[in-house]
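Copied over from Swiss-Prot:
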SIGNAL    1-35  signal peptide
TOPO_DOM  36-112  topological domain 'Extracellular'
TRANSMEM  113-133  transmembrane segment
TOPO_DOM  134-287  topological domain 'Cytoplasmic'
DOMAIN    135-269  domain 'Thioredoxin'
MOTIF     284-287  motif 'Di-lysine motif'
Amino acid sequence: MAVLAPLLAFLYAVPGLLRWVSQPYYLLSALLSVSFLLVRKVPPVCSVLPTQREDGNPCDFDWREVEILMFLSAIVMMKNRRSITVEQHIGNIFMFSKVANTILFFRLDLRMGLLYITLCIVFLMTCKPPLYLGPEHIKYFSDKTLEEELQSDGRVSWIIEFFANWSSECQSFAPIYAELSLKYNCAGLKFGKVDIGRYPEVSSRYSISPSPLSKQLPTLILFQGGREIFRRPQVDKKGRAVSWSFTQENVIREFNLNELYQKAKKIRKHQEDTINENEYNDSKKDQ
């Protein structure tokens, strides 16, 4: 049973994993991450490489390369303890693998190191992580439509995500936010997004720094009656975001989504009762 449960979970996730790894971004990133392994292990390429092994075998790792790879594994394990989504886990593996590959290639040959760095730069400039395109119940706003919607109906609570497409944290949070919108969206509680990369004036209006150093993206703000009630992450006196994990559990707890949802359903019921009463009165007048 202990083996069966993980196996079933893996089989259930296979279709999603196949769609995920079929993206060119992840395929090319994986290829760059294992490039030194391929060069060192695959003949006839490896046969012409220099080596520090005592047996002179150029197609196997020497002791220094093993140390670097072990150090990489330790760093990835430490970083992944704070990761939330699969994308973040894989992103950490790719990033630190490329750093290790750079060190290994430069140690092997200066020209190979320069070639590898050039390939990584070209990859970063031409390939971007795929955006989340799954189901969601989210309304996207511009700088003008956001204020209009917030002021249109004071009974509706809005949770707005301020994001930028270039932010890896925003990309990782996208499926979590979409799932929350599908679960909690109703007449009195709605979810929205604003791209402050496209509308920088919005970031100034709500005091959200778009700088990667500020760590303020994504920012979630709860609006009620057109006024800001609560936001995460909070910002310290130096303008840096206070560390906060954008997990589904944290968002539900900090924003009291269960309580907000119950109150919002009462608004929906009141609206339906009012509509039914008006229809009944109209029908009596017609008689």
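Here the Cβ of each residue, glycine as well, is placed from N, Cα and C on the backbone.
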Remote residues contacting the transmembrane segment (113-133) - C-beta distance under 8 A, at least 6 residues beyond either end: 23-25, 28-29, 32, 35, 87, 91, 98, 101-102, 105-107, 165, 168, 171, 174-175, 178
For the motif 'Di-lysine motif' (284-287), report the average pLDDT of the model, please. 53
